[in-house]
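As recorded in TrEMBL:
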type: ACT_SITE; residues: ASP82; note: active site, proton donor
type: BINDING; residues: HIS83, HIS180, HIS211; note: Zn(2+) 1 binding site
type: BINDING; residues: ASP104, GLU134; note: Zn(2+) 2 binding site
type: BINDING; residues: GLY181, GLY212, ALA213, SER214, ASN254, ILE255, ASP256, THR257; note: dihydroxyacetone phosphate binding site
Amino acid sequence: MPLVTSKEMFQKAYEGGYAVGAFNVNNMEIIQGIVEAGKEENAPLILQVSAGARKYAKPVYLRKLVEAAIEDTGLPIVLHLDHGENFEICKACVDDGFTSVMIDGSKHPFEENIAITKQVVEYAHERGVVVEAELGKLAGIEDNVKVTEREATFTDPDQAVEFVERTGVDSLAVAIGTSHGAYKFKGEPKLDFERLEKITKMLPGFPLVLHGASTVLPEFVESCNKYGGSIPGAKGVPEEMLKKAAGMGVCKINIDTDLRLAMTASVRKYLAENPSEFDPRKYLGAGRDAIKEMVRHKIKNVLGCNGKA
Ligand SMILES: O=C(CO)COP(=O)(O)O
Ligand SMILES: O=C[C@H](O)COP(=O)(O)O
Ligand SMILES: [Zn+2]
Ligand SMILES: [Zn+2]
């Protein structure tokens, strides 16, 4: 099975009322943990690479690791660029063999976002690659740029329809109250489901994407803090809300922070409990196992994409 696009994946997910997990990858252990879980659960997978990940690992290493994951598992896997900020990085990834790219023009005014998205769609579609765009602005941290809650804006449903029609984009990330990182809510978690419902009704059959969708499970935060970490007050999107969104046209759910927490908690614990151990395979192996368990949990208990490969 070669790399696939998300076209058919999203269609099946939309009709089935479930979502496909899009997991951020940065190194071999993360990739192996994710695909081992995907294989055991027979789930379709989206592996996404940010600009920061490309810088950290070098593009060729990530691409070859994902190729290895496909050869190893035989799963349908989408290789996706996460938050491409301009045409050039999207083009580089299309040319590099990615099957999906995100052009994130959400920080630009509406007309500019349309123009830049159209340019990417044109280039990508000619080469059989699908495109995700973003409308509305999420709060939180992205590539070290902090968008404050005041600067964040929710997606306007009328604009979403116009945006999709004019750009020809394949999926759209919407802002309904989620945010990137481990600090998503100060008080009670709340998402604007009325807005989501409106968008879904006005764009029937069209796949939507939810960014900033980590749950920040308390046991992992507690474990980080117990073994020398300091991440007080972290809070994410409750699992029930993610399940609800998956039944409302959201076909792709982005998860990065929960992987980071799983890996960090397990590495901290391993090193704290085994102070004389210095073989990186031991603690990175513990990190890989934790990633695998986290992804299995997401696939089975939150996304509902188990058995859908
Ligand atoms: O949206 C994301 C990647 O694009 C990840 O969101 P989290 O920070 O909630 O994991
Ligand atoms: O949305 C952002 C993702 O979590 C990727 O984060 P990063 O830019 O630090 O790799
Ligand atoms: Zn964005
Ligand atoms: Zn994101």
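Backbone N, Cα and C atoms are what each Cβ position is placed from, and that goes for glycine too.
TrEMBL: automatically predicted annotations, no manual curation.
Taking the features listed in TrEMBL, we show where each one sits on the structure.
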residue	record	DSSP (3 states)
ASP82	active site, proton donor	strand
GLU134	Zn(2+) 2 binding site	strand
HIS180	Zn(2+) 1 binding site	strand
GLY212	dihydroxyacetone phosphate binding site	coil
ASN254	dihydroxyacetone phosphate binding site	strand
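Highlighted here would be the binding-site residues (ASP104, GLU134, GLY181, ASN254) whose C-beta falls below 6 Å from ligand 2, but none qualifies. Taking only the Cα positions, the spacing between ASP104 (Zn(2+) 2 binding site) and HIS180 (Zn(2+) 1 binding site) is 14 angstrom.
When the binding-site residues GLY181, GLY212 are compared by the number of other C-beta atoms lying within 10 angstroms of their own C-beta, GLY181 comes out lowest.
Among the recorded positions ASP82, ASP104, GLU134, the residues whose Cβ lies under 6 Å from any atom of ligand 3 are, in sequence order, ASP104, GLU134.
Other Cβ atoms within 10 Å of the Cβ of HIS211 (Zn(2+) 1 binding site), summed over all protein chains shown, number 27. Under 6 Å, Cβ to nearest atom of ligand 4: this is the test, and of the binding-site residues ASP104, GLU134, GLY181, ILE255, ASP256, THR257 it is passed by none.
Those residues noted as binding dihydroxyacetone phosphate (GLY181, GLY212, ALA213, SER214, ASN254, ILE255, ASP256, THR257) have their most widely separated CA atoms at a distance of 11 Å.
Looking only at other Cβ atoms within 10 Å, the busiest spot among the recorded positions ASP82, ASP256 turns out to be ASP82. Candidate binding-site residues: ASP104, GLU134, HIS180, GLY181, ILE255. Those with a Cβ under 6 Å from ligand 1, in sequence order, are HIS180, GLY181, ILE255. Cβ crowding, taken as the number of other Cβ atoms within 10 Å, peaks at ALA213 among the binding-site residues ALA213, ILE255. Taking the centroid of the Cβ atoms of GLY181, GLY212, ALA213, SER214, ASN254, ILE255, ASP256, THR257 as the dihydroxyacetone phosphate site, the other same-chain residues with Cβ within 8 Å of it are ASN24, THR178, HIS180, HIS211, GLY236, ASP258. Spatially, by CA atoms, the recorded positions ASP82, HIS83, GLU134, HIS180, HIS211 include one closest to ASN254 (dihydroxyacetone phosphate binding site), and that is HIS211. Cα of ALA213 (dihydroxyacetone phosphate binding site) to Cα of HIS83 (Zn(2+) 1 binding site): a span of 15 Å. In this structure the C-alpha atoms belonging to SER214 (dihydroxyacetone phosphate binding site) and HIS180 (Zn(2+) 1 binding site) are separated by 8 Å. DSSP classifies ASP104 (Zn(2+) 2 binding site) as coil under the three-state reduction.
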